[in-house]
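Report on the structure given below.
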């Protein structure tokens, strides 16, 4: 019998979602700082058979934590102790910013979903960079072989105009690339005004080219570069982004971010309206995310690393994404509903799957 669903219902379901997130994340970090996390890691570490190589890096497991949970790099080590093969930090912007007004995070428990309009609240690239450097060094010390991987997701500062977006992304790339195992350009969040316009290939091409060059220069090595796209793109737009990624020699595409759609929800319509605008994540995104993955697989012919995220709840979902062409799979929303042993449970079940790769 699993205890966490009952604990969630009693302790967290009545609480403001953002406050519950803060408390839960603090508990995870406390387990690490007390030493309990290291003991826990002996039981949650992915089986060696799960090791996966993507863009020249070996990951302990194909399953990792998507951007959004640890926005500022405060708990990277602690989260890897729960079994995640990689942790994607962010979204981080060139300038520190408070994000949108609260409340800005809402649960739709009946749908196992979340609506957020956080707005990239973070300390800014300059403040986050030392945390990434420290976490990377610590993971290298603790894992002399294959270690958990640190991804860094960067976005546009809200106060920066769209025409100046490239220079803002370059600030982040310059500061963060040296401590990043891979870098993600986020142009698909619905919560920064105008950001999704950057998904237009004519705008996206020079942005990605500039970020890639700046990241490699700052790090003194090639930093794998990926772009994260929205599920709301048309098939034609998806094909265009795939072609652009191939033309530029990008290392991969992450699909998908949250959706602005509200189709197929079972939660009370009035409750959904009360949540207001924002990106929807969780189980309702499952079908569309898989659809986009398959489209990208066909469009790229397997030439790029595809990272699938959106509606991933269990090992079956992870396996389905791997079978559909993903090299890596990420989750986040189900972590809030399933509890701290979610990643370890998925890894155990994946390791039992004889045809995983």
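In case you wondered, yes, glycine gets a Cβ from its N, Cα and C as well.
The feature active site, nucleophile is assigned by Swiss-Prot to 189.
The FMN binding site annotation in Swiss-Prot covers 67, 68, 69, 70, 71, 91, 153, 186, 228, 256, 282, 311, 332, 333 and is backed by sequence analysis. A simple way to gauge crowding: the CB of residue 69 (FMN binding site) has 22 other CB atoms within 10 angstroms, across all the protein chains here.
Summarising the annotation, Swiss-Prot assigns substrate binding site to 71, 116, 117, 118, 119, 120, 186, 191, 257, 258. Around the Cβ of residue 257 (substrate binding site), 27 further Cβ atoms fall within 10 Å across all displayed protein chains.
Among the binding-site residues 67, 71, 228, 332, the residue whose Cα lies closest in space to that of residue 257 (substrate binding site) is 228. Rounded to a whole value, the Cα-Cα separation of residue 186 (substrate binding site) and residue 228 (FMN binding site) is 5 Å. In the three-state DSSP assignment, the secondary structure recorded for residue 153 (FMN binding site) is strand.
Largest Cα-Cα distance over the residues recorded as binding FMN, namely 67, 68, 69, 70, 71, 91, 153, 186, 228, 256, 282, 311, 332, 333, equals 20 Å. A count of other CB atoms within 10 A of each Cβ picks out 228 as the most crowded of the binding-site residues 71, 117, 228.
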